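The next block holds one structure in the form of structure tokens; read it before the comments.
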Amino acid sequence: MMNHPHSSHIGTTNVKEEIGKLDRIRISGIGLVRYAFMAVLLIIAISTKTLPNTMIGAIFALVLMGHVFYYLGAHLPIFRSYLGGGSVFTILLTAILVATNVMPKYVVTTASGFINGMDFLGLYIVSLIASSLFKMDRKMLLKAAVRFLPVAFISMALTAVVIGIVGVIIGVGFNYAILYIAMPIMAGGVGAGIVPLSGIYAHAMGVGSAGILSKLFPTVILGNLLAIISAGLISRIFKDSKGNGHGEILRGEREDAAAAAEEIKPDYVQLGVGLIIAVMFFMIGTMLNKVFPGINAYAFIILSIVLTKAFGLLPKYYEDSVIMFGQVIVKNMTHALLAGVGLSLLDMHVLLAALSWQFVVLCLVSIVAISLISATLGKLFGLYPVEAAITAGLANNSMGGTGNVAVLAASERMNLIAFAQMGNRIGGALILVVAGILVTFMK
């Protein structure tokens, strides 16, 4: 019996229609069918160890994992509503894949090499800082910075005192709570935070820094995770509050901000211009850090951009170029960076080994205290409380640059990265100085 010629045509049409329906589901701009094909390709590459240990291999793995995990987290009810959405889900799931040995170690090495070794993180952060600062109105930027820094520093100081007092109440002692919870959680991350902090402690105590570092690392991990979750919660709970600036940090300046943030049409040449200018500021910060090693490079980067903006040293064409490049990086690489954080920085084994109820309580106290204090002070200093709590508060409990990105991604406030970095880097440097003095008396 012969098939009717129309039957095969109808079957082909139905398949195409089904594929078309699936392709309407888009993950970061890519249809589901095409995404599934690339995902299968990635799984085969990883399982056959043919994923290149290069920038290309890292980008392919991190972008695909980051986008799909973020998509899932953003659509899962509990994560979406209460646990920081796609940002937290991406970081947690990639960290769990590593902890359970589902993800091979060579993939972790490839991801870490791209983010830290090749310093893609540095490019991402400087692009974001430059973009967000140049996008702001000049007068508004200076007014916001002058009000923001006192809020950040006072919040950190008061939070440390609260942690110490709670440490006494729950039986671990004031000194322990300050040295092993307050200082590391607000020190500015790992490389610029607890690594030099462990050296300071080790020198004062006459012990090896490796043992000290193993005690400090869990604090940074849990503090970072709680900060990300809290940022998502705060932005959601206070969504309709008068204290929510919806991404604007300075109260009463929304009209000026809207005028300053006019739409910039994409231009291929300007994207390249924006890239090299962003890198130029990174080089300025790096070179000044070599001359003054006691001051973090990002502090110099922020200062150089603020001065450039304040004195109008860059024509609008170049400012727009930087803004444009920063937007491209944020929209396309944020999820990849979050996946990289989970793969290479969030060690679940270390975190679980350190868990005790006192440890968890003190980390929670740090999060709650710095959120409430910074929100209250922010309101007094003319900032929106929600934005103050996230940038002057929670960002100072995060894991440095990567933590700031995750905190702001969870709260959908990536445009405030400059303020998060400002408080985190300058505040972190102050923490190291204060810790160096305190450890002499508290050891």
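In case you wondered, yes, glycine gets a Cβ from its N, Cα and C as well.
Going by Swiss-Prot, these are the annotated features:
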type: TRANSMEM; residues: 27-47; note: transmembrane segment
type: TRANSMEM; residues: 59-79; note: transmembrane segment
type: TRANSMEM; residues: 83-103; note: transmembrane segment
type: TRANSMEM; residues: 114-134; note: transmembrane segment
type: TRANSMEM; residues: 151-171; note: transmembrane segment
type: TRANSMEM; residues: 177-197; note: transmembrane segment
type: TRANSMEM; residues: 209-229; note: transmembrane segment
type: TRANSMEM; residues: 294-314; note: transmembrane segment
type: TRANSMEM; residues: 322-342; note: transmembrane segment
type: TRANSMEM; residues: 350-370; note: transmembrane segment
type: TRANSMEM; residues: 388-410; note: transmembrane segment
type: TRANSMEM; residues: 422-442; note: transmembrane segment
type: SITE; residues: Arg425; note: site 'Plays an important role in the generation of the membrane potential'
Query = Honestly, do the transmembrane segment (388-410) and the transmembrane segment (177-197) touch, with at least three Cβ pairs under 8 Å and pairs 6 or more apart in sequence?
reply = yes
Key: Positions on the same chain near the transmembrane segment (422-442), where near means CB under 8 A and six or more residues out   = 145, 148-149, 152-153, 156, 175, 178-179, 183, 186-189, 192-193, 196-197, 200-201, 204-205, 294-296, 298-299, 302, 391-392, 395-396, 398, 400-401, 403-404
Task = Could you tell me whether the transmembrane segment (27-47) and the transmembrane segment (209-229) have 3+ CB pairs under 8 A, leaving out pairs under 6 positions apart?
result = no
Message = Check for me, if you would, whether the transmembrane segment (322-342) reaches the transmembrane segment (114-134) - at least 3 Cβ pairs under 8 Å, residues 6 or more apart in sequence.
response = yes
Request  = With pairs restricted to those 6 or more apart in sequence, evaluate whether the transmembrane segment (350-370) and the transmembrane segment (59-79) have 3+ C-beta pairs under 8 Å.
outcome  = no
Key: Chain residues outside the transmembrane segment (27-47) and at least six past its termini with a C-beta under 8 angstroms from it   = 19, 57, 60-61, 64-65, 67-68, 70-71, 103-104, 107, 332, 335
